[in-house]
Amino acid sequence: MTIAAAPPSSRFRGVRIWLTLVAALIAVMVLVGGATRLTESGLSIVEWKPVTGSLPPLTETQWHTAFDGYKQIPQYRELNAGMTLDQFKTIFWWEWSHRLLGRVIGIVYLLPFLWFLWRGAIGPEWKRALWIIFALGALQGAVGWWMVASGLSQRTEVSQVRLATHLSLALIIYAAIVWTLRRMADRARVAAPARLKVTALALLGLTFVQLYAGALVAGLRAGRLYNTWPMIDGALIPDAARLWFESPWWKNLFDNHLTVQFDHRMLAYALWTLAALHMIDALRTRAGAAARGAVLLFLALTVQAALGIFTVLYAAPIDLALAHQAMALVVLTLAVLQAERLTATREDRTALGRGAAGRLAVPSELFPSA
C-alpha cells in the first residue's frame, strides 16, 4: 500500500522504530562490553570466526579445546594459571555474549534496511547516511578483533589505545543513529543565539574527547590507582616530572597511568564548566526547548561527575564502573540531541526526507500512527 501524503511526523515512523531498536541494542552492547572488560573476560576467545563462531562449545571436548586455546596466551600463563574449566566458562560466556550481540546488531540493522530500501521508504539523502553507518558497523567488527589480537601474543591485556578506539567507534555509530533519529522527527526550528549553537557543538566534541580519555583510563585500569579526590598523587596538580617522565612526551598521554587519569579529571572539570555556562546562557535567552535540553545535559553531567568521583574513591568496583559507563551514554545522548536541536533548520529535515515523501511504500497497518 502506498501512502500518497504521509504527515511529516509519521513519514518515517517505521524507520525510526527500527533505528531506535538498533540504538538501544548498541547501548546494551556497550554495557556488555564494559562488563566483559571489568571481569577480564575479553581474551577468553582467542580466534575470530565471524560466522561459525556464533555457536559456543556444545560438548565437553569442544570446551576443553577452547580452554586449551586460552591456555596458550600470556594472560592465562601469567595471571590465571590453575584456572578451572568452570572458571573459564564464566569468562567465556561474557566474551561470547558480547560477540553474539554484535552479530545480532548487524542482522537487526541490515535486514530491515534492505527491506526499507526495496519498498522505497528511504530517500537518497538517508540512503547515503545509513549506508555509511552500516559500513562503520562492519568496520567495528574488524576493530574489535584488532583490539583482541593485541592481547594474544605478548601482553596480558588488550592495548588501551585499541580499546579506546573500539569504544569510540561504537559511540560514534550510536551518536550517528541518535542524530539521524532526531533529524527524522521533523520538529520546528529552535530560535536561539548563534553562540548557543557554538557551545552545543563544543560540548559534543568535548564529550567525545572525554569518552576517549575515559576509555584509556579503563584500558590501563588507572581507576584503581590514585584513589583520592580532589587530590591526585598528593596534589591538585601532580609534579610535572611524574606527569611527563616518559619519552617522547606524548606517550604519557596514552601510557602513563597518572597522566591519563589526571587528563580525564581535567576534561571532566572543563566539560562540566562549559555545560554550566551553556545552560546559564540558554536560560537567560529563554531558548525554549534548547534551555530544557541544556538543563538536562548539565544535570546528567553533574550525576556523571559524582559517579566518577565515587568510582575513583572506591577503586573502580564493577557496579560503580558500569554505572559510570551507562551514565556516559546518557550524557552523550543528551549532547547529541542538544547539538542537533540547535544546528538543524526545519528546511534541513524536510529536504533530507524529500526523496521518500509521497511514495513511502510502508503498509500503514504495519506502523499505524500514534
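Glycine is no exception: its Cβ is also placed from the backbone N, Cα and C atoms.
Taken straight from Swiss-Prot:
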TRANSMEM  15-35  transmembrane segment
TRANSMEM  104-124  transmembrane segment
TRANSMEM  129-149  transmembrane segment
TRANSMEM  161-181  transmembrane segment
TRANSMEM  200-220  transmembrane segment
TRANSMEM  261-280  transmembrane segment
BINDING   H264, H324  heme binding site
TRANSMEM  293-313  transmembrane segment
TRANSMEM  317-337  transmembrane segment
When you scan the chain for residues with a C-beta under 8 Å from the transmembrane segment (15-35), skipping those not six or more beyond its ends, what do you find? 94, 97-98, 101-102, 104-105, 108-109, 112-113, 116, 121-122, 126, 166-167, 170-171, 173-174, 177-178, 180-181, 184-185, 218, 318, 321-322, 325-326, 329, 367
Answer yes if the transmembrane segment (200-220) and the transmembrane segment (317-337) have at least three CB pairs under 8 Å among residue pairs 6 or more apart in sequence, and no otherwise. yes
Helix, strand or coil at H324 (heme binding site) [DSSP, three-state]: helix
Among H264, H324, all listed as binding-site residues, which has the most CB atoms within 10 Å of its CB? H324
Reduced DSSP state (H/G/I helix, E/B strand, rest coil) at H264 (heme binding site) is helix
